[in-house]
Amino acid sequence: MSKIFKVQFSIMKPVSSVFLLFLFSIFYCKSENIEKENTDNNPYEFHIGGVLSSNASEDYFKLTIEHLNFNTPFMKPGNTFYAHSIKMDPNPIKTALNVCKQLIVRRVYAVIVSHPQIGDLSPAAVSYTSGFYHIPVIGISSRDSAFSDKNIHVSFLRTVPPYSHQAEVWVELLKYFNYLKVIFIHSSDTDGRAFVGRFQTTSQNQGDDIEKKVQVEAVIEFEPGLSFFDNQLNEMKNAQARVYLMYASKIDAAVVFRDAAKRNMTEAGYVWIVTEQALDASNVPEGTIGLKLVNASNELAHIYDSIYILASAITDMNRTKTITPPPADCDNSGAIWDTGKTLFEYIKKQVYKDGHTGKVAFDNNGDRIYAEYDIVNVKEVANKDAIGKYYFNNDLNKMKLRLNESNIIWPGRLKKKPEGFMIPTHLKVLTIEEKPFVYVRPLKKDDGNSCNSDEIMCPLYNTSSKVLDPIVYCCKGYCIDLLVELSETINFTYSLSLSPDGQFGNYEIRNNSASGKKEWNGLIGEIVYERADMILAPLTINPERAEFIEFSKPFKYQGITILEKKPSRSSTLVSFLQPFSHTLWVLVMGSVHVVALVLYLLDRFSPFARFKLINADGTEEDALNLSSATWFAWGVLLNSGIGEGTPRSFSARVLGMVWAGFAMIIVASYTANLAAFLVLERPKTKLSGINDARLRSTMENLTCATVKGSAVDMYFRRQVELSNMYRTMEANNYETAEDAIRDVKNDKLMAFIWDSSRLEFEAAQDCQLVTAGELFGRSGYGVGLQKGSPWSESVTLSILDFHESGFMESLDDKWIFQGRVEQCEDQEKTPNTLGLKNMAGVFILVAVGIVVGMVLIVIEIGYKKHHVRKQNRLQLARNYGQTWRAIVQKRKMMRMQGRTSGVGALSLSVEALPRSVLNIQSPIRSIETLPRTCRNSPSPTRAWSGRQMVHRKSDDIPLRSPIGGPPQLHFHNNLM
């Protein structure tokens, strides 16, 4: 079904498009007709009111509107404008009543208001009265900031800018003169506060160049109606900035200039930039720079621009909106004119490029923008020359500053631009303990309250004076030598102090901050809040810090690396087995016994070695047995002497030669590998670098850390690809680098990530430590200064000179490497000496062999004793057997003799046997230890060869009675 629908839709698509276009044209035409019907009902006559300051202004107002009716571009055909004006009364109440009685009753669509000849509240009265009914009011002279508040003056616009808009021109002037640190002086009224607020906002939003942002060193606020300004001037004189921006009335400015002149603060070296009101003071100092609004007093030009802006807005609204008549009187307080609100929005959108006062446009508050100013320089009290202009550039479509700097006369009648700040010659320098850059030790009483010649006294910064016996420290190191050289090169004195909290600085939310605002702590915080002048420490340059403080060029280029402890050599009791793998050892052991078995079989079944051989000396030698073959195989493998039991057959000897070659290769390989493992082996690092997978895997049991709030910590926060690693290591981070390095040495921490300079120093000091992988996050250490510090350029140039002259390299050799790198390299090149730890297993093997030998000898002795006892019993049985044999032989002989001699047969009975023979209880089970010749010999005295022989059952000796009856005694050869 869906396929059918798709096909149908694709077919109908062109048709539907045409149909939709047709419907749209009908709808558009209908809406045009409806809108035309609505606008056709709009009025054709528009009344404009005016509250002006003079009769000339009223006449010009009426004349301009008459000419407007014939100006086709600004008029809709058939429409007519009418002028109604009144003269402004000094009494604001009368002015308000006149507006109701003479203007609102005529249904005016807008009111143009000028300034009064006497007083300042009349424009406000007109704004309140007209604004109540949402009748737009266009001011042509009122510049108070209060009129920008749309909660009070809901429908007020003006063709002149408020006084606070001069702040934008000030910012451009300061950037042009490169004055980046100023002191702001203003009255505490609405205009003064609006002025300083707009200045700070504008100075921070002007472009992306952080280094060009203007910094306000101090804000001096005073109550209007000054009588003296001494205390504030004393505070200003102690500051570094010598550029003073002042917003004040004419009377207050005269007081400030008077007291400043007493302290020579209007002379050479100072810069005064003031507003229009202050520029009119009678005692304005020579060299002061001020502003003058172009056409500020040209009321007629502002009347002209206001009328044409208003006419353009009504014409635009008349084309698209339904216009209702304005209120006809002030009696109906509940009537709200919605068309007045709409007209107010249309007026704000108007842009009149060819106005008599320049380009006319409004911001969201209805204030004039694109106003032009003349830059004025006071050369004499009565002589104020224009030295430039702030104007709208049509080509660039923005405001532009143009100055003729050569015509400027500065305070003290100087032609050269002042520096704008006082260069302090005594600086508060902060540092922090960080080896090898700064070594810190407490000053002992034995030292006579003075540090050594290569040290500088460095107490803790901000140490309370209430402390009875504050600890004083002595500092030395890389940065201290650099500070001494800098002070001698660019000529300044200093007081050195240690960081108050032992931290470089972290941008974080303070616990006591109710607003949750982030603040800097540590060294950075002291510079940001201007409690110190310089930081000379291993301070890493990074974007987060550079936004708030100023850095010199790097005095030390470095990066980030990883410190770990060298993996110790695995010297165990079986270290001598390391040259071969476990599998190879098993194969070698198995090969010994397999070869021994094959040797035995070859020699056993070979036709040339199966039977015993007769040596030349007549001794007997049997064929090779299994025990001798095993001994032979082990002897060849271990290269020990073989006294006996060698193969005799040719086949077995060939195998023996092959086995000897195998043993030679195995022993040589083992010897070479053993030397490599125990002597020439060099431990490698556990990690390959920051990209090691074990660092980024949370499953690995590998702990790594850095220092909290440090530049390295900030680096890991910025790197998205290291986020998993950072989350893992964040819980392990340390307060100081000293604690982390100590734990690395004690095997409590596997990897410490920190600045390469410090870690290379630690690796040079302790050859058991090593840096892993290549550097990453490359940066540099710089001297930290306040924003706009006068010392920035001098410090940077000096550091560049130090690099070129080799001074920085000499500091590296003196403090970082200290000649210890060569020592570690020499140790790596020298073979390690073998100790008991390496060869303990061999000695234990010998000890085990001794113990096994002693156990075997005990077993052999016991076995031998048992065997001797057994042989003794066998020997006794043999002796008795031989005695019986002799008796039996004797009886046979006597019997034979009796038969031949006729003597009666002897009777042999048990009773006739000796008693010793009858006491034999145990049967003789075997006489196999007797030689066969002895058993077959009739003589009992024949010698016994001692060899074990096999007997036969036919050798049994029966003893019977003389008369053939049952046997009285029967000996068997299997009896004991």
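Here, residue 1 is simply the first one shown, and the rest follow in order.
Glycine is no exception: its Cβ is also placed from the backbone N, Cα and C atoms.
The region 'Disordered' annotation in TrEMBL falls on one of the ranges 494-514, 914-934, 956-976, namely 956-976. Here P538 (L-glutamate binding site) comes close to I432, E434, F437, V438, C479, K556, D755, S757, R758, Y781: these same-chain residues lie at least six apart in sequence, with C-beta atoms under 8 angstroms from its C-beta.
Here the CA atom of C767 (disulfide bond) lies 35 Å from the CA atom of R545 (L-glutamate binding site).
For the pair T540 (L-glutamate binding site) and C767 (disulfide bond), the Cα-Cα distance reads 26 Å. Residue counts for the domain 'Ionotropic glutamate receptor L-glutamate and glycine-binding' (470-529) under DSSP (helix as H, G, I; strand as E, B; rest coil) come to 20 helix, 16 strand, 24 coil.
C767 (disulfide bond): 16 other CB atoms within 10 A of its CB, across all protein chains. Packing around R545 (L-glutamate binding site) is summarised by its Cβ count: 25 other Cβ atoms lie within 10 angstroms of its Cβ, all protein chains included. Those residues of the chain, other than P538, T540, R545, D755, with a C-beta within 8 angstroms of the mean position of the L-glutamate site C-beta atoms are F504, L539, I541, N542, S710, A711, S779, Y781. A Cα-Cα distance of 17 Å separates L687 (site 'Crucial to convey clamshell closure to channel opening') from C767 (disulfide bond). Mean pLDDT across the domain 'Ionotropic glutamate receptor C-terminal' (464-818) comes to 81 in this model.
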